[in-house]
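Novice: As annotated in TrEMBL:
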type	residues	note
DOMAIN	57-224	domain 'Mur ligase central'
BINDING	86, 155, 183	Mg(2+) binding site
BINDING	303, 325	ATP binding site
């Protein structure tokens, strides 16, 4: 019998941290923010954290992108970087990046067991073990201490004020990305409430930057900044002309806003840590080469990422292409749909080796012009979302660009949410509860029938049960299909491409970051 590695054991132990208790349950001892300071003392991390030169970033949309840009810029300036982000898509080690690379299994295991053993020995009924994200935060800071990084970039998990990353008392600079409605059951149902939670990362006298915000949110940020003596500035979107004709590493027009915030955060970090010799951004007519390279080479999986299917046996490359974006709010869904609509009309040829679309295989121009393209939506979202709102944003935004979906495919996530490691196997098809996917299908059919002027209340009348070669049941309607697993949906797409070799299939995959991870595991292995 094969011996289980220290890393696999660590992943199994991580599974024990996860409970079904909602983060919104403020009565839970495991979710009380003040405990984090006890954990820091137990781990003897107070002094190391006080010496860290931290950039702390909160927001509803764009946190991951902004942090990715910041890390890439400062790494290209010659600094040793530590980046803590969430969630991970494929491997938990993605959350802990040193110099732009996931921490290796050996180092992860070493630091994991150091933290876990000490906490296990020193916690009790009154001071329970930390909940999962809190443990990840503590582990990240232990890793960055041991690796002696020059700069730590911390992405807030949820909110800000009570997020475990807010244990940082003296960051170098703070950033607030675009604000909108997400996690309202935890953060509040108004932009004012949400902005108040996000502004909770402001620290007395520490400069902060944000992007253009709705008036309701901006007023709260300004109030909080004024109370704490924080110099708050609005960072303008990056002027594309400053890139000398090159493109950002992350796709989408909205990324220029995130890039502008990242540039402001990096400049302030350099200024406050005494590294002004690297750059002089008072000169607004150009960016330093290190900044341009950082912005150009930034890479983030599952966000505006174009992945051609490499495993389909057909004569022409590029006939099945997946457009992946983990949008899961109404605002981000609109941005995603706009990006997809523009991306599918652009030439397939990559602009440079570092763009997210660099994997896209170019088709000969004469062949490409002979082929028609159809658009497919592959979708799932969490049940706490409003599916009608999300799907309507996709339909309307794409339609405004002349893009209409031939079919929508709905699948459950394969990810075992409450398990890590080798035991985190997806359920078998017979165990999958598809009731939520059928709900999504009904919403889609209603929206489609409404758009066509039909009876929006009777989508079930045009649906039927079909069976594939494995005798697994699928529900197929006029405009949509439900599959019991992602592999079955991809098999259907591949079979469809083989049967229609005069057509290119362009598949937008969105609605859930968990779905992005599942897709990347499946199509890139």
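Even glycines carry a Cβ here, placed using N, Cα and C.
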Novice: Note down the number of other Cβ atoms within 10 Å of the Cβ of residue 155 (Mg(2+) binding site), including every protein chain shown.
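Specialist: Here the count is 24.
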Novice: Return the single residue from the binding-site residues list (86, 303, 325) that has the minimum number of other CB atoms within 10 Å.
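Specialist: Sparsest of the binding-site residues 86, 303, 325 by Cβ contacts within 10 Å: 86.
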Novice: How many whole Å apart are the CA atoms of residue 325 (ATP binding site) and residue 86 (Mg(2+) binding site)?
Specialist: 15
Novice: Express the distance between the Cα positions of residue 303 (ATP binding site) and residue 155 (Mg(2+) binding site) as a whole number of Å.
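Specialist: Per the Cα atoms, residue 303 (ATP binding site) and residue 155 (Mg(2+) binding site) stand 16 Å apart.
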